[in-house]
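Presented below is the structure to which this report refers.
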Amino acid sequence: MVNGINLALQFLDSFAFIVLAAAGLAIIFGIMGVINLAHGEFILVGAYATTLSATKLGLPLAAAMLVGTLVTAAFGVVVERFVISGAVPNWIGQRTVGRDFVEPLYDRLADSMVATFGLSLIMVQGARVVFGNSIDTVGTPFGNIAYGAFSYSTYRIVLSGVSIALLVGVYYIFTRTEYGMTARATIQDEETARALGVDTERIYMATFAIGSGLAGLTGALFAPTLSMQPTLGDQFLVEAFVAVVVGGPSVVLGTALSGGVLGAIQAVFTNLYGTFFGRIALLAAAMVALRFLPDGITGFIETVQSRRQEGE
Amino acid sequence: MSLLELDGVTAAYDRTPILRGVDLSVDEGEIVGVMGKNGVGKTTLLKTVMGLLEPTEGTIRYAGADVTSASADERARAGIGYIPQGRDVFPKLTVEQNIRMGEKIRADSDETLYDQIYGYFPILDERANQDAGTLSGGQQQMLAIARALVSNPDLLLLDEPSEGIQPSIVGQISEDMQAINEDLGTTILFVEQNLGVIREMADRCYAMERGEIVDEVGPTTLADEDAIAEYLAV
């Protein structure tokens, strides 16, 4: 019985971590075709901004988390304008030498990886130069719940609730709002969307801001549980990538399903053999999944659906 | 009064020129065709008018204003509607969502316009909640026309409406376009290589070869099948 509770909590913990780590990356990749290797450092921005506004400015933790999320979203807009779309360098280019300096990185997977990897290095070292090797942390709120001989951090259970709320929220945004419909139309056919009066540049900017904001939220939420070092983003990046790749093309459903599947596997192995083997099992499962479902879980679902339609 | 005027428009993909000094004008209320074989630059011409491709030389005037360097979304808001080759409906949005994408352009589109559009294409009302990707070619063409019409455009650009569509539906679409021109007063510029469609729809027609307008064909010549077949001969 007690072991069952352990397993359930372990699953919720893994699920929350995977979903929260992946959400921002999945949106930016799914909609803009940009692989953001600086995703971990966007999480770093959220975590640092949250921690600093709580410890230095004395904000209550919830307010500090909101600040962390918004600061990261704003930072994302700056990165989008300068690096991803190249709008700022091109604006300067048009006014000085009369031509564009760079092409936007949309749908250029390899190029976007190189550019954002460079950005990630700059950000990690930048954080180290400005803030040193570590900063003071905020304590984990809510204390522990105890059952039998075990106790468990209440905050981590709250996080799993937040991760589900976040999936619902993102699903709502992309299927029910004006922005979501326009964004989906833009991914499916950018040229036609423009001919229908959609300012696709603004859509991309908004999407990058939302993806960055979610990364910032992840950093904000995990800030109380982590030690604040410039490299803290690394531990999110692997899970985030694995979840996005295993999830496949459909952003929300893919992230939810891969969070569920990978979270379950990680929970079982962690429970039986410890954290180290839990992580190995997660990566092994991802490798097996990609061998047999190269387009991810939702890619597989789409293939099955279209086959059934053809059969009708 | 001419609604659209192209003056010496040259456009290129990378460095390869596709349009070479195109002069063309469309008057308000007209249906003007541009005929030519595959690869003469018909699609490029429409994309340049829509603003999806910026001309390297020449000027484009629309409704009296110079729009040569205006972006596609600005031109859409100024009243140019576009129906791309191969329809390009959004396959994973529903029929209704596709149409609503068109509605966002202009504030002055109203409900009576919807009734009128569904009057032309009742099938779209029936299939409102179906994914657009599951429609047949002809139905997708109707959807693309409806999507362009809900913004109540003054000028409609239509790229090879007959391509990949059953001959029986092609005739119906030509008739619908003429009815739209008459009922709503929409000016239409279309490109086409199907002789039947050109003769049925166009008031006036340009012939295009290798990126240049080589001839202008009035109503009398349009009636003469042999004379215009020459422009489309291989």
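Positions of Cβ are set from backbone N, Cα and C atoms, glycine also.
In TrEMBL this protein carries:
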TRANSMEM  A:12-37  transmembrane segment
TRANSMEM  A:57-79  transmembrane segment
TRANSMEM  A:155-174  transmembrane segment
TRANSMEM  A:203-224  transmembrane segment
TRANSMEM  A:236-265  transmembrane segment
TRANSMEM  A:272-293  transmembrane segment
Interface check, the transmembrane segment (A:57-79) with the transmembrane segment (A:272-293), three or more C-beta pairs under 8 A:
no
Quick test of the contact rule: Cβ under 8 Å, at least six residues beyond the ends. What residues does that give for the transmembrane segment (A:155-174)?
9, 12-13, 15-17, 19-20, 23, 27, 140-142, 145, 180, 183-184, 210, 214, 217, 221-222, 224-225, 251-252, 255-256, 259
At a threshold of under 8 Å on Cβ distances, which of A:12-37, A:203-224, A:272-293 pairs most often with the transmembrane segment (A:236-265)?
A:12-37
Grab the same-chain neighbours of the transmembrane segment (A:272-293) for me: Cβ-Cβ under 8 Å, and only residues 6 or more beyond its ends, written as numbers and ranges.
14, 238-239, 242, 245-246, 248, 261-262, 265-266, 299-300
